[in-house]
Structures are given as C-alpha cells and as structure tokens.
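Colleague: First the structure, which I've put down as structure tokens, then a few questions once you've had a look.
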RNA sequence: GCGGACGUGGCGGAACGGUAGACGCUAGCGACUUAAAAUCGCUUUCCUUCGGGAGUGCGGGUUCGAGUCCCGCCGUCCGCACCA
C-alpha cells in the first residue's frame, strides 16, 4: 500500500472506470427523482481556463452529491460552437472555421475529462453541427409560422470592424461588444424575434424565480424596463407669423405635404399628472417630423448634424448640453385649445424609446428644466408636497417626487397617482390619447452577416417574398468551400450556394445569406440536452421529464443577454404549444471569477506568474511591481493554465482548491500557496481514510463530530456553500487524526470517504477500493445522519455581566433557566465583579448564555 | 445621475440578534531527521503593569446583548444610463 496518493495513475484509471461503466449516463426511464444540473456550456476557444474549472467543479459536486442522495441526475456538456473567433482564426491563419472549432473542441474535451467531471458525455452536442442547428432552423420556422418572427427594414447597429449587425444588448457604450469599434447606424432588412410580445411575462416571471440571485432579477427587470403611462397627441399648426425663440423669425413655408402628414405629434409620458405643467414639446432628431422638416427649414439640417456628432460615450452624455431647435410649429394643449406650446427638435430625445417625442414639464423633470432654463421657457410647479406650497419656486433642481397636484385646474388637490388616472380616463374618453405600457426592451434582431452561424432557413423570391425553406429540405447546411481573404459575408459571395428556386412558385430565387445570432444557439441547448431525437428538435415528453433545469451555474456576465433570450425562447416554445415549460432555469447561481495578482517589470510590461518568484523576475532577479488582484486575462498575463496544474497536483487538488476558502459567488484568488495547500489536503485525506486496525470501543465525541459533519456538509452542498463544506471536512479530518483508535474512529474514517467523494472523487474511489468498499463510491449512498448524535449532552454556556463575556461554564444540555442562573450567580468571576450587589435583571437563554445586568 | 451589492486579523474567509476571528493560507518557534523534503506539535487581531482592556469602515440609535437590525456618512465593486 503506497504511503502517498499518486494522482497521476489513479485519476486516469478511475475516469476510465466511470466511462466504461457508464456511471454518469442519465436514464430517461429512471424511476428515481430527477435532477438537472447544468453549467453554462463553453465556447470552444481552444483551451479551458480556470473559470471553466471553477464553474464545472461546482456543478459537478452538486451532481455527484445528488446522485449519492438517490437522484437520477442529468449533467451534460456541449459546445457553444458558432461565433466570430472561428472566422477571425480563418482570416488570420487560413484555417477553416469548422476545422478550427472541431480541433478546439477535441482539445478542450480532453482537458475537461482529465478533471473527472461526472458528465453524461453521450449527450454531448456542438451547436455548429447540422444535427443541432438544423433543428434550430425548424424552430425558427415554427416561430415564423406562429408570427413570432418578422422582417423589418430598420436602423441597425453596424459594427464596421466585424462587419455585422449587433443587437442592442451587444452595444456597450456605443461600441461593439466584441470588436470595441464605434458602432454606426445603418438601414438594413433584418429578421426579428418578438421578444417584446413576452415583455410582461418575462418581467412578471421573475417574481417566481425564488432561487435566482436578486441582483440578476433586478438587472433583467431594469433591462425590460416596463413603464406605464399615457400616449397622447398634440395637434400641430403653423402660426402665420412665426416667432422662434431662437431668433429665427423667417421660417420658410412648410410644404402642405408635411402639414398633411404631420397634423399632430404623439408623445409618451409616465407623468400624465403633470400635463398642466407642460411648456414645450420636443422631438428626436430622428423623428420622421424632424426629417420631413429638414429640407424646408433653414438651419435644421445643420442642427441635426451637430447633434449626431455628440458621442454616445457615457461621459459625453453625462456632460452634454441640452440643445434644441425651435421648429416654429405650435402644439395645441389637448386640455386647452387656446394653449400653444413651441415644438423643438432636441438632442436629448431618443427615437428608440416611446414615440420619439416628449412634452416638457420643467418643474418636475431635470432634463426638461435644464432645457427650459436654456431656452427661457416657463417653469410652472404642478406638484407640491402640500397645497400651501403651490407657488414654491423651482430652482436648479426639478422636483420629481409625487405629491399633490396644484395649478392644474380640474386636477387640483388630487394625488399624483389619482391625477394620472384622471388624465388617462379623460384622454381616452375624448379620444386624444390612451393609457399604455412602454418597454425599454426591444425586439431581438437576430440577423448576422456572418458565415459561422446557423443559416436562416429562408428563400427570397421576387414574386412570393421571403419563403420558409420546406421542412424536408432542412437542415440548410453551410457550404464548406468558402474563403475569408476579404471582409464581409462569405455566404453572400459564394458562387452557387444562395441560388435556389422558390419553393412556392419555382422561379429563380435567393437564399437568405444572413445567419442567426449565436445567442439563438444557446437559447435552447439545455432542451436538446434533455432530449435529442434525430428527426426533431426534442421529444416533448422526455424533455419535460428533465426540465426545467434545477440548478444552472455560470458567470454573471450572462445575467441579461443569454438568460433573457433563453427565457424568451422557452416561453415562445410554450406559446406555440411545443413544450410546457415557462421558465427554463428554476435555480440560478452566478459564480465569481478566478483572479490572480498582476505583475509588472521595471519598464511597466506585464509579467506572467510563471516568470515571477518572490517578487523578482526569476530569470534576471530584477524587482517586480506586484499589482492588484484581477480577473485572469491574457492582456495582463495573469492567467494560470489548468493543464500543467493538473499534471503536477492531480485533478482532486485542483477541484479542492476551487471549492475552498472563497464563497462561490465571490472572486477566488488563485495562488501557488493555495494549490500547495490543496495538494497537502489530498494526502491528509489519504492518511485519514486508511483502513482501521479493528480497534474496539466507542468515541462518542467523534461520533457526534461525524454526524454533525454528515449533516452540515449536505446542507452546505445543497446551498452551494462549498467553502463551508470544505471547512467542515477539514474539522472532521482533524478530529480523526487526533482520535485514539476505536471502532468509532474506523467508522468515521470510512464514512469520510463518502463525504469527500463529490469534491475529490478520484482519491475517494481509490480509498474506497482500499477499504474494500462495494462497487464505486460514486454509486454509494450518502451516509445517513443519526439525529440523536446531532445533540450534545453537555453545552458551553457563556456567562455575561452587562453583556460582556466574563466566563464560560459547562452545563448539561437542556438545563433550565433557573439552573443556569444559579450556576452564573455562583461563578467566581461573577461574584468578584458584582461584589455583593444584586443584579437588576437576569437573562438566561437555555444552552446559550446567562447575562446578568447589574 | 439611477439602481444594487459589499466593507471582519498579514491574506481568503467563519459566525439562528447570544462566547467574533471556525477552517485554510502565510509567518514564527519546536519535534523527528546526518540533512532536506514530508509529517507532527505550539504560536499568529491589537494593547497590556499579565489583573485585564480595546476591537468587525466612520458617527448615531434600538436591545439585557449588535459584525448581524434601523438612520446618516465614507469607501470599494457591479449593472444601467438623456428611457420621458
């Protein structure tokens, strides 16, 4: 029997054993309760990184634990395999995206297998294969038929570097999320998925997700951004003598065409209660009215141009001055035909939100106030905290709080809330407006001008328009013979691929050459994992057995995009009757990042941890500046490749490190010392689980420790508090090490193997085999807790005087308040402090403490 | 600007409103060893006249008792951002 646990041989041996036995195959037909544990599948970049290891280790512990608790666990793995990096590699290295991707998958699969994850590899899938994306095309057609897909000419976010369209979610501070290039506005015909149709459902569904982090729910709620308010119209007219406040008195004649097209302008507000505080109407520079006025209004084209130049970066918006251009048009107040408001084109009104036009209430909106001050428009208070304050002046800060309505004719005296209802009711009765709900969320533009994605299964016919590819012609497979030597979409310039006949009329037609946003691929992979028939996307009955995913684990960076799209896709499937699941993931956990110290040399170049030891450059002895602990990233060179670490310490040490110390939702600082410590633990465990010598006798303290550990570790694992479970195991190991030989010690030692098995499965199997355990420890049952052993018969009681700890005493468990008080009063230290005085009050908490108040 | 989270030793962090610092890392001392590695034991919040005293970002409050609850600051991080 070897003194040390040799991971190098044992890891591979047990991994082969699990695979040969099919230990982790999930059985659709099992009678056991089912559990679906899923980690976000990786993009096959080529190598796994520590973030993957942490993510998959957490899921693995839960999966293995639940198996031991008698559940049938589905724990699959696959590849989010479409996407830009493959095309970039093609452009840079001349390798085909498919070859590059598949080679990466093979490499990463091998790396993952070395960590011994309890995965059902028989369900492995890659989204770039026709047997996945073909079914996605079928679902797209299902959605199209159900009216959940539409095509629209629209201004899109165009990334000039990646040469593709980006969804709003993929534009960050005006830049492409991948390329970082400044995004341009372009008009293109695009396919959209009607995610806004589910805006209410997606928002309200969040309330039922009790096992999601509040933070993520809040982020989604903010993203969906539902606002209730009033949409209403101002009648427009052009007075015979225009007196623009910006000094343009000779506004040219507006063509009758414009006047007939724009007899009114529609605005949206969440504050209809402030309608009598209006002092202007402002429209976006992109508003059709502004565009129509452009040609006939001197100065307007220049103004619009000026506004466009203002950057979209956060800092610029923050400081940008409110600018307006008085069109000379007048808007008639809907509640007073004699009241006319100036109509401005303004730089702060967004075309994408609401109606692209607003009415300004300077007293109660900061932007409107800034604008009014600049253009000397009236500021009228219409909301006050009390009627007496109706004339309280508004200075530099708008009063945005709700209150009592003042200076507002028939609304006076109402609360803001009542006034909103009153105005909406009147608007609806008189026909000039209606209560509506507006979402910040916009429909999901899914067209991408890329090769390495799911082809959109549409054929464009001059006579019939866009026609879905007939089902029997699916999948629409990507052509292999493509080139990446010039920018743009290789599908579009392929010589033959797009030329097909119209399925309806037979006339020559063109294939859609756009592909789907890769977020579509990840919006249903968890369903395909649960059920993957050849001839259809999934078998409903089988999928419904497993779904929803009980525990989903991944990075918080997917809090909005992926998780919202997946929720939408699932609801869309429910809507068309394909799957009776509303929420795909009932439990969500967002794990923290793996971080590392950063290092720079004297010149300020980043150094990798491998080049540094003891704060000097290993090779040269030059001093190193140790920087802050940051997320591992290639640019800062602070990455640690898991491969060599597994070589050196074995899979279990790496897994243990990933679970120790930091709570899983927080960042985990990687350190050499930490992995060394994890390596030592593995050896300690090896010694602590050595077969006993058959000594007799009971050790009640150890029995209690064991059962508290069994109970506590189970609770901690279910709560994903792995760091606490690890600490409890350390305590048990320490207790076993210190215990004298006894039957209790042998039992604890044997039981420890099962307790550690979900976390460090290889050594657990080896130790299990060493003690002659039956079968695999992976298949063993989680040890049962004896509730009687969770209770101590003697407890430590804290003795306090005035809330300060003075002493601790041992007392029988369950001692009465009176008994405890008597013990406290007799305590030597207490007697010394009280010095004969009678305590005013005594608080005794059974099994806890006694507090004497002097 | 809006919204949210967090703040505990040298470090990662424990702690149903009830003994703050479990467990690990680091560091130090000691044992074993020819020696090293490995392993084991002890120490490791601060101050101390060795009796004790102080202590969970800062200032208040509630409570017999607050790291935990409430109010106000300060700081760090995250999300959104001219969303009407």
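Using N, Cα and C of the backbone, Cβ positions are placed for all residues, glycine too.
Note that TrEMBL annotation is computational and uncurated.
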Colleague: Among A:626-630, A:631-635, A:636-640, A:641-645, find the range that TrEMBL records as motif ''KMSKS' region'.
Modeller: A:631-635
Colleague: Look up residue A:634 (ATP binding site) in the DSSP assignment and report helix, strand or coil.
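Modeller: The three-state answer is coil.
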Colleague: Using a 10 Å radius around its CB, how many other CB atoms surround residue A:634 (ATP binding site)?
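Modeller: The Cβ of residue A:634 (ATP binding site) has 10 Cβ neighbours within 10 Å.
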Colleague: What are the DSSP helix/strand/coil residue counts across the motif ''HIGH' region' (A:42-52)?
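Modeller: Across the motif ''HIGH' region' (A:42-52), the residues distribute as 3 helix, 0 strand, 8 coil.
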